[in-house]
Each structure stands twice: as structure tokens, then as C-alpha cells.
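A.B. asks: To start, I am sharing the structure in question, which I have written as C-alpha cells.
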Amino acid sequence: MYTDLKDKVVVVTGGSKGLGRAMAVRFGQEQSKVVVNYRSNEEEALEVKKEIEEAGGQAIIVRGDVTKEEDVVNLVETAVKEFGSLDVMINNAGVENPVPSHELSLENWNQVIDTNLTGAFLGSREAIKYFVENDIKGNVINMSSVHEMIPWPLFVHYAASKGGMKLMTETLALEYAPKGIRVNNIGPGAIDTPINAEKFADPEQRADVESMIPMGYIGKPEEIASVAAFLASSQASYVTGITLFADGGMTKYPSFQAGRG
């Protein structure tokens, strides 16, 4: 646990399920004030709010689509209005779907880029704007992937969004480091989340993925949440502009680098 995270105001986009849910709950355990963003499922968001409060934190839920500029502006404004400040912005909302690249529609391409990359930019921009205007040494954490560096056949739109996120984060980190604002990525590998549920329910597919992970198992959402808590804490005060891969060594495995996945 990180005592300096108590009462910090943390926004988590896509916070009602998967990695977002795990991170939101973890910050609740840190007794932070958590803003849970969700796009459509209010019931799930309310469940996360309850978990956060039971863990000792405070929480509100805010509906919004990260691809819409006005929704992201409202998200940050609501965090400040309800909790008085903003300390940590976690741009987690993301989508993916497999499509052969020659069959990928522009609509599908735009959906993934707009959610994964543009949404993260908007969240970063609004948070940094608040930090600069209020002289806050704030923290932005973007949810990237091992695929910011490794190609992924059938997922060209997803890989492009995460590759773009890598340089976006590095650029923002360099630009705002003089103001004490830190910007980092988390790069998860294979994690047991709802987005992967169907794939990992198949014993053969699960075993195939596990064979590409040197540590031999598929990660848990809570393991990614631990990375987020570290990056948000003062223990990472000298860390900015990096992608912290939490992948069980997957990015170092030769067969994965050759294009499996």
C-alpha cells in the first residue's frame, strides 16, 4: 500500500470492467477518491463504486464516451467539482477486434483509433491542462499494450493505436517534465479480463498463449492494478516517459516477437 495515495483524486476511464475495474478498486483500497467512468453499463459502474467504498475509498460514477471531446471535458470538470481537485488520470478505455487488414473498414479503423488513441489524448490533454493551470505535479497513466512494440496480425488498427500511444506518451512526458507532471504507459501482456474471456475459455487457445509467456501463466487484472498504483505513487517520483511492461516476460519471448499472438 502507498500511504501518499490516500485522498488523491483518481479518474479511471473504462472503469466499470476488466483492468479499469481492478485499478479503480485498487485505488479504493489505497483510500483514494475515485471517479469511475463508464460508457453504457451503469449497473456495473455502481458495483465498482460499492467495492471502492467498501474498501475504504470514496467514489462517484460518470457516464461518458471517451471519443467525444465534450464527454472527456465533463469527466475532468466533474472530478474537480465533486472532489475538489485532480491528481491522477488513467486513460484505460479501449476496444479491439480481429479483422484481416484487407477487409478492415474505415469505420472499424476509426472506432479503434478514436477510442484507444484519441480518447487517451483527450484525457491526457484535459488532465494536463488542469495540472498546468493549478500548478499541480499530476500524473497521467495511459493503458498501452505489448503491441505498442510488437506487430499483431489481424489487429492492425489496435497495434497502430498502441504504437501511436507510445510516442504520444513519450512526447507529453518530455514536454511537461519541467513542470513536474509525469506521463507513463502500462503495457500489459495477456491478462484474464472479459475482453479475453472467450479466447481463454478454450483450453487449447489458453495453453497456446501460456506457452508464449516465460512466467507460464496469464496475468491477473490485480497485477496490472498494482503497477498503476506504483506509477501513481511517490515511489515512482523519478519515473516518466516509459512503458512499464507487465507481461510475464512475453515481449522477450522469441516466438512472440516473430509474430505469434
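Positions of Cβ are set from backbone N, Cα and C atoms, glycine also.
Sharing the feature lines straight out of Swiss-Prot:
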ACT_SITE  Tyr158  active site, proton acceptor
BINDING   11-35  NADP(+) binding site
BINDING   Ser145  substrate binding site
A.B. asks: Which residues does Val35 (NADP(+) binding site) neighbour through Cβ under 8 Å, counting only same-chain ones at least six apart?
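C.D. replies: Listed in sequence order: Val9, Val10, Val11, Val12, Gly15, Ala59, Ile60, Ile61, Val62, Leu75, Thr78, Ala79, Glu82, Phe83.
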A.B. asks: Select one residue from Gln31, Ser145: among these binding-site residues, choose the one with the most other Cβ atoms within 10 Å of its Cβ.
C.D. replies: Ser145
A.B. asks: Give me the long-range Cβ neighbours of Phe27 (NADP(+) binding site): same chain, 6+ apart, Cβ under 8 Å, in sequence order.
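C.D. replies: When sequence neighbours closer than 6 are ignored, Phe27 (NADP(+) binding site) has Leu5, Lys8, Val10, Val12, Val34, Ile52, Gly57, Val88, Ala228, Ala229, Ala232 within Cβ distance under 8 Å.
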A.B. asks: Write out the long-range same-chain contacts of Tyr158 (active site, proton acceptor), meaning residues 6 or more apart in sequence whose Cβ is under 8 Å from its Cβ.
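C.D. replies: Residues satisfying the criterion: Glu96, Val112, Asn116, Ser145, His147, Trp152.
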A.B. asks: Check each residue in the chain of Met23 (NADP(+) binding site) that is at least six apart in sequence and keep those whose C-beta is under 8 Å from its C-beta; list them in sequence order.
C.D. replies: Val12, Gly15, Ile90, Asn92, Ile224, Ala225, Ala228, Ala229
A.B. asks: Please report the DSSP secondary structure of Val35 (NADP(+) binding site), reduced to three states.
C.D. replies: strand
A.B. asks: Please report the three-state DSSP label of Val11 (NADP(+) binding site).
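C.D. replies: Once the DSSP labels are grouped into three classes, Val11 (NADP(+) binding site) ends up as strand.
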A.B. asks: Have a look at the binding-site residues (Val11, Leu19) and report the one with the fewest Cβ neighbours inside 10 Å.
C.D. replies: Leu19
